[in-house]
Amino acid sequence: MVRNLRQLYLPWRPRSTSRGGPRPPSPRGAGTKGPPATTAAASEAASRPHPSASGDPPAAAKPLLRWDEVPDDFVECFILSGYRRLPCTAQECLASVLKPTNETLNFWTHFIPLLLFLSKFCRLFFLSGRDVPFHHPWLLPLWCYASGVLLTFAMSCTAHVFSCLSLRLRAAFFYLDYASISYYGFGSTVAYYYYLLPGLSLLDARVMTPYVQQSLGWHVDCTGLIAAYRALVLPVAFVLAVACTVACCKSRTDWCSYPFALRTFVFIMPLSMACPIMLESWLFDLRGENPTLFVHFYRRYFWLVVAAFFNVSKIPERIQPGLFDIIGHSHQLFHIFTFLSIYDQVYYVEEGLRQFLKAPPAAPTFSGTVGYMLLLVLCLGLVIKKFLNSSEFCSKK
């Protein structure tokens, strides 16, 4: 969602050429971004006072900046132009969503899905025609999941729009963005736990005990193993959510040479909580028993693989730096494919809810759903506070 690829490709700089191409930046101190002395245009741009300190027109009305005219933390690898000025006011940030900057489509590729999912969940909760009211305990896992989906898209939009208010606020918004993704991942696990996992043969001891005996020749009672798994799913997912947020926040510091590769990896980890569905498709006839789950589950993971490819490879801007600065760069494609993956996930979670409501095994509890989510919000808030107050962040920014 969010990206700061200067650290990911530290060796990369636009090469200087005899034809007037971009030159590498000169050394600079932490937290400052002085213009290269050899670039007259950059010097002129840097010497202009910010509109907040003069009567100049708003920054949104001025030409956008190039990569060598903004602080290091703002430079996206292979993105040469389209940068907004720092600092911008909140009004200028909002106005920039209608301007051709390199963040504009990053906003719209998640704001439009946010509206679509908001409409979808409103229909599910209030206009579905079910006899179950929106506040019924059976719908608590769906509330957890819906809040995760909507919060993820909302925080991504916020981070991309307001990232140029200041360096510290930029880091704060991105930390919140990482936390929202972890929150969404845990909310997905809560929905899986109540709506999807109970219907799997893999987690039914009456099916698995004879299956293991016939297939492997092991005389093992699977009741205890399955009970242990069910007891550990949510606590393990909770720990993973906090750990992933810590790792992603840590990736913004100087020790990490490949932050986006690390972030992609750590956000794959919570997807392991869906392994029972994958094993179900390998060991049993999931395609025949639940074709909706089978098709949308695997299509979701296909979209995620494509999204991860663009997020790590930085294609197409890596091939032609500067050509895709405004439209078509990898982060926009990453947003589109993550939206498609969540769209498929919503589809099979809704189908799981329908099956659950036909014969609910047990009513979800408040502490086992919303209680977990509130505790996670508290823990993630403490993580973000720690990183914002850390000396490491202050020394880097």
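Each residue, glycine too, has its Cβ placed from N, Cα and C.
Features of the protein shown, as given by TrEMBL:
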REGION    1-59  region 'Disordered'
COMPBIAS  28-54  compositional bias 'Low complexity'
TRANSMEM  107-126  transmembrane segment
TRANSMEM  138-162  transmembrane segment
TRANSMEM  174-195  transmembrane segment
TRANSMEM  227-248  transmembrane segment
TRANSMEM  260-279  transmembrane segment
TRANSMEM  369-388  transmembrane segment
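Among residues of the same chain six or more beyond the transmembrane segment (227-248), those with a C-beta under 8 A of the stretch's C-beta atoms are 175, 178-179, 181-183, 185-186, 189-190, 193, 197, 203, 262-263, 266-267, 269-270, 273, 368, 372, 375-376, 379-380, 383-384.
Between the transmembrane segment (369-388) and the transmembrane segment (138-162), three or more CB pairs separated by 6 or more residues in sequence fall under 8 Å, so the two stretches touch.
Tertiary proximity for the transmembrane segment (107-126) is limited to same-chain residues at least six positions away from its ends with a CB under 8 Å from its CB atoms, namely 1, 97, 134, 139, 142-143, 146, 149-150, 153-154, 156-157, 160-161, 332, 335-336, 339, 342-343, 346, 350, 353.
Beyond the transmembrane segment (174-195), the same-chain residues lying 6 or more positions past its ends with a Cβ under 8 Å from any Cβ of the stretch are 1-2, 4, 141-142, 144-149, 151-152, 154-156, 158-159, 163, 230, 233-234, 237-238, 240-242, 244-245, 248-249, 252, 263, 267, 270-271, 273-274, 277, 345, 349, 352-353, 355-356, 364, 369, 372-373, 376-377, 380-381, 383-384, 387-388.
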